[in-house]
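Q: Encoded as structure tokens, here's the structure I'll be asking about.
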Amino acid sequence: METQRASLSLGRCSLWLLLLGLVLPSASAQALSYREAVLRAVDQFNERSSEANLYRLLELDPTPNDDLDPGTRKPVSFRVKETDCPRTSQQPLEQCDFKENGLVKQCVGTVTLDPSNDQFDINCNELQSVRFRPPIRRPPIRPPFYPPFRPPIRPPIFPPIRPPFRPPLGPFPGRR
């Protein structure tokens with residue numbers, strides 16, 4: 001009888017541990033990670049976009065200060081790039097390759113990490129066209145022609161001392 005009670009209490013204890021193990025991960029899994037929230041924002045951007053092709057996350061800027069409240073809005077900054085997948089594609093976004101000359105857009109805004117409160121405020125603007133453009137060759141810029149630099153001639157501070165002019169006395173040599 002005692003062994004039945006021990007096995008029954010052991011069964012109850014393991015059942016409680018199992019239930020506790022199932023409940024705790026689901027409570028902690030409710031909050032999205034920063035990256036997951038940004039990926040959801042990219043999905044929402046693709047849904048609202050009128051572009052011909054879908055966009056995929058290219059680069060995610062560093063995460064902001066870790067606020068423990070998943071309901072607060074967190075600032076985000078990331079870049080998306082145009083993919084080969086058309087908007088009507090049912091293919092998962094992760095399987096879409098980036099378009100070779102695809103547009104890159106810089107996106108900034110706010111997201112919440114609470115999946116039940118899907119609030120995204122994202123604005124994306126074209127950053128650049130990712131095309132290789134050879135540099136334009138221009139002749140070197142030369143300054144206009146100036147004569148060589150010469151310092152200005154300054155008059156002496158005091159005029160040189162000359163003896164006064166005296167006409168010669170008497171006949172001039174060579175004159176008769």
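Glycine is no exception: its Cβ is also placed from the backbone N, Cα and C atoms.
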Q: If you look at how Swiss-Prot annotates this chain, which of 77-96, 137-156, 157-176 comes out as region 'Disordered'?
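A: Of the candidate stretches, Swiss-Prot labels 157-176 as region 'Disordered'.
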Q: From the set Gln30, Gln106, which residue is assigned the annotation pyrrolidone carboxylic acid by Swiss-Prot?
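A: Of Gln30, Gln106, Swiss-Prot lists Gln30 as: pyrrolidone carboxylic acid.
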Q: Cys107 (disulfide bond) to Cys96 (disulfide bond): how many Å between their Cα atoms?
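A: Cα to Cα, Cys107 (disulfide bond) and Cys96 (disulfide bond) are separated by 20 Å.
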Q: Give me the long-range Cβ neighbours of Cys124 (disulfide bond): same chain, 6+ apart, Cβ under 8 Å, in sequence order.
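A: Same-chain residues close to Cys124 (disulfide bond) (Cβ under 8 Å, separated by 6 or more) are Phe45, Tyr55, Val80, Lys105, Gln106, Cys107.
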Q: Long-range neighbours only, meaning 6 or more apart in sequence with Cβ under 8 Å: which ones does Cys96 (disulfide bond) have?
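A: Listed in sequence order: Leu54, Arg56, Thr83, Asp84, Cys85, Ser89.
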Q: For Cys85 (disulfide bond), what is the tally of other C-beta atoms lying within 10 angstroms of its C-beta?
A: 20
